[in-house]
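Asks: Please find one structure pasted underneath; my questions will follow.
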Amino acid sequence: MLSHFRKKYYGWLSYAFASEVFVIVSLTLFMPICLEQFARDNGYLVPDKTERCSSDVSRLDNDMTPGRCVVKIGWFWVDSASFSLYVFSASVLLQALTVISVGGIADHPPHRKILLLTCAWAGALAATFFLPLSSNSPLWFLSALLAVIANVGFGTSVVAMNAYLPSLAKESPDVVKAYAMYRNAEESASILGNEPDDNDNEMSDQPLMHNTTTDEVYVLKSQYETELSRTTSRISSFGIALGYGAGIFLLFVALIPVTMMKGATFSLRLAISLSGIWWAVFSIPALIWLPSGRNTSSVDDEDAIWVDAETVATGKWSLWKEVIAAWKRLGGMLQWNEIKRLRNTFKFLAAWFLLSDAFTTITGTAILFAKTVLNMQSSSLILIGIIVPSSGILGSLFWPRVQQRYGWSNQRVLLILLMLASLVPAYGCLGFIGVFRGRFGGLTTKGEMFGLAIYFGFVLGAFNGYARAFYAEFLPPGEEARWYGLFSITDKSSSFIGPLIVGLISDLTGNIRYAFFFLVVMIWAAIPILKSVDVERGRRDAQSYKYSSVNGTA
């Protein structure tokens, strides 16, 4: 019979296995291509805007440069490549509003699981409905609505999923053992009158003969925090690797119809639909194994859980009150005095605002760049979609081993990964140098795109796992979902800025390559902010944090 920890662990991993497929197969690959194809099938070639873009498809088969395609949305003509970027920007903006509204709900353990599964199945259903919607239908524009619902459902469910991570790491047998040793030593020190001050890193001025037990307490506390940090990173990274593996498998399955149908729109819709079905079916183990909340236990958040259970038992909990309270609480959390109390948490969020936007935009921009500039076929784009997560699995498993071997902190690993990631858009900027035009170098050939896919995937897989785990170190106990809501807002929900700017760059210049300069700046602007985060101070501030806004909720 599975233990409580094993059930919770397997339930959490099962949802990572289910949901990450949607990201890999649809969100970063087929959905941008499919939305662009929907727009192209209903668009016209410039400058006359009289000839349908679909009549220009033969140029791709002959390796000729296709004409620029625009589609009329309302009163405006929009580039077919920009259409998918605008849809994604709208979806993540709505996702931000939703995530803020449900942050308090996800912090109620009895409702966290319900929220996760409801949003998951809503998003999965929207993705599945791509299959019956034809690009030739007069209702083709509903593809944008389905994309928005799927993305909002995914982002909201991930907030609830991430809220399980801190307590999951604390309930790991190795962490529980390290915590027990630390607490026993602390109690012994207290009996001897040498209780350490958790809010002060300075050693006591007492003579060495009276300070031995206190020294041991500090050592054991450091070992516990190190074990908790590494366990959080290991669980997070393994969840990423498992999800990538599932995504790769489904990409291979999708490659069959896409190849046989030569990238027809129906095959792209089928791939998105398959990801929705996978997402829905493999969320069922999460329904079975994830705790409902009342029997959840962890090292630090028992009080918060009992408060939630009491609220539900007395019937005082209200959905609409929680939504209103969530917005009030957000205003309180963003007050300057609250930001100063958790300054290191907000420093990380400031860096994450830039980094998440940059990484998300790099992925989407690269796919559109490969399709519209390098004229790569759908089968080649699928292969890139397979290479990136495959390399990501290796990266997510490789970097924790390197970290353990050299004793690096999560912060140092993240800084190294960022410097490596910035080389990707920087390499694309080299394409403006005349010596590379028409030759190898500067991302001017299809072969280079495959090489960069391997390199970027190796960095991306580790980066996602470490960023989520590093942020977990700065979360106030019992408020994980609320703070992971902010994390989500500055993750995919803040990423409407990058695609929006890239879309504008593409529309104004007619060359999406100029966006690479923008992406380099975004990454390098975040590095000094991330480097300034004081990890030890951030942990202490989070552990002692109590929300004090008069109008907020405790």
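Placement of Cβ uses the backbone N, Cα and C atoms for every residue, glycine included.
Curation plays no part in TrEMBL annotations; they are all automatic predictions.
Not my notes, these are from TrEMBL:
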type	residues	note
TRANSMEM	12-33	transmembrane segment
TRANSMEM	83-102	transmembrane segment
TRANSMEM	114-133	transmembrane segment
TRANSMEM	139-165	transmembrane segment
TRANSMEM	238-258	transmembrane segment
TRANSMEM	270-290	transmembrane segment
TRANSMEM	348-369	transmembrane segment
TRANSMEM	381-402	transmembrane segment
TRANSMEM	414-437	transmembrane segment
TRANSMEM	449-471	transmembrane segment
TRANSMEM	483-506	transmembrane segment
TRANSMEM	512-530	transmembrane segment
Asks: Determine which residues of the chain contact the transmembrane segment (414-437) at the Cβ level, with the cut-off under 8 Å and only residues 6 or more beyond its ends counted.
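Replies: Same-chain contacts beyond the ends: 355, 359, 362, 369, 399, 443-444, 452, 455-456, 459-460, 462-463, 466-467, 470, 513, 516-517, 519-520, 523-524, 526-527, 530-531.
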Asks: Check the transmembrane segment (449-471) against the transmembrane segment (238-258) for contact, please; criterion is three or more CB pairs under 8 Å, pairs 6 or more apart in sequence.
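Replies: Yes, the transmembrane segment (449-471) and the transmembrane segment (238-258) are in contact.
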Asks: Under 8 Å between C-beta atoms and at least six residues away from its ends: which parts of the chain pack against the transmembrane segment (139-165)?
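Replies: Answer is 8, 12, 15-16, 19, 22-23, 26-27, 31, 34-35, 38, 41-42, 73, 87-88, 90-92, 94-95, 98-99, 102-103, 106-107, 112-113, 115-117, 119-124, 126-127, 129-130, 133, 232, 235-236, 276, 290, 468-469, 472, 480-481, 484-485, 487-488, 491-493.
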Asks: Report, as numbers and ranges, every residue of the chain located at least six residues beyond the transmembrane segment (238-258) whose Cβ falls under 8 Å of a Cβ in that stretch; write 'none' if there are none.
Replies: 12-13, 16-21, 23-25, 29-30, 267-268, 270-271, 274-275, 278, 282, 378-379, 382-383, 385-386, 389-390, 392-393, 396-397, 461, 464-465
Asks: Counting Cβ pairs closer than 8 Å, which of 12-33, 114-133, 270-290, 348-369, 381-402 has the most of them with the transmembrane segment (512-530)?
Replies: 348-369
